[in-house]
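For reference, Swiss-Prot has these:
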DOMAIN    4-225  domain 'Glutamine amidotransferase type-1'
ACT_SITE  C87  active site, nucleophile
ACT_SITE  H196  active site
ACT_SITE  E198  active site
Amino acid sequence: MSARIGVITFPGTLDDVDAVRAVRLAGAEAVNLWHADADLKQVDAVIVPGGFSYGDYLRAGAIARFAPVMGEVVRAAEQGMPVLGICNGFQVLCEAGLLPGALTRNEGLHFICRDQWLTVESVSTAWTSRYEPGAQILIPLKSGEGRYQAAPAVLDELEGEGRVVFRYSGDNPNGSQRGIAGISSANGRVVGLMPHPEHATEALTGPSDDGLGLFLSVLDTLVTA
């Protein structure tokens, strides 16, 4: 039986369909999860996709964090379930306390939409084992509030524990502290990143297929769990 990976849809989510397709391309069963669901339908992992959940009112991810399904995601993550937050999903995971820090308005206050080179800094997470350390991958970036910020002590802790998972290569597109594009939880099971790997799973339709590695990695994690 193939792994079951849930993909959450909030009001305002845009990239759930692409995440579902990425899951299927990797060879897993995609399970649609609605924001009001009170259970996770026996999934093995969860993806919180990008978009503008609840219109980004208050601040990005602030309302989605209180959706019924997120209560279940937090409980499951605390028990070791792999969770991936992409763009708005990363913001939601930070708001939910599963990842430290916050995502704020881009430096320069412009929405950014471009293909972005990333450096894979950690391959020790549930979502990055298929990559080589230091690999350069090309992934679309599209966000207005993608500037990662945290207290200096938190940044030092992330660096010291190897929890910076992705870093922007070359110029820093949004002013994120230390060029951070993605981080993980202490156990490596929860990962959040601003760029969109689900838009880079097929060379025909994306800038590359470099993003597929995240979805393949979690399948490896689930098989060996």
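Placed from the backbone N, Cα and C atoms, the Cβ positions cover glycine too.
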For E198 (active site), list the number of other Cβ atoms lying within 10 Å of its Cβ atom. 30
The rounded CA-CA distance in Å from the residue listed as 'active site, nucleophile' to E198 (active site) is 11
Please work out the mean pLDDT for the residues of the domain 'Glutamine amidotransferase type-1' (4-225). 94
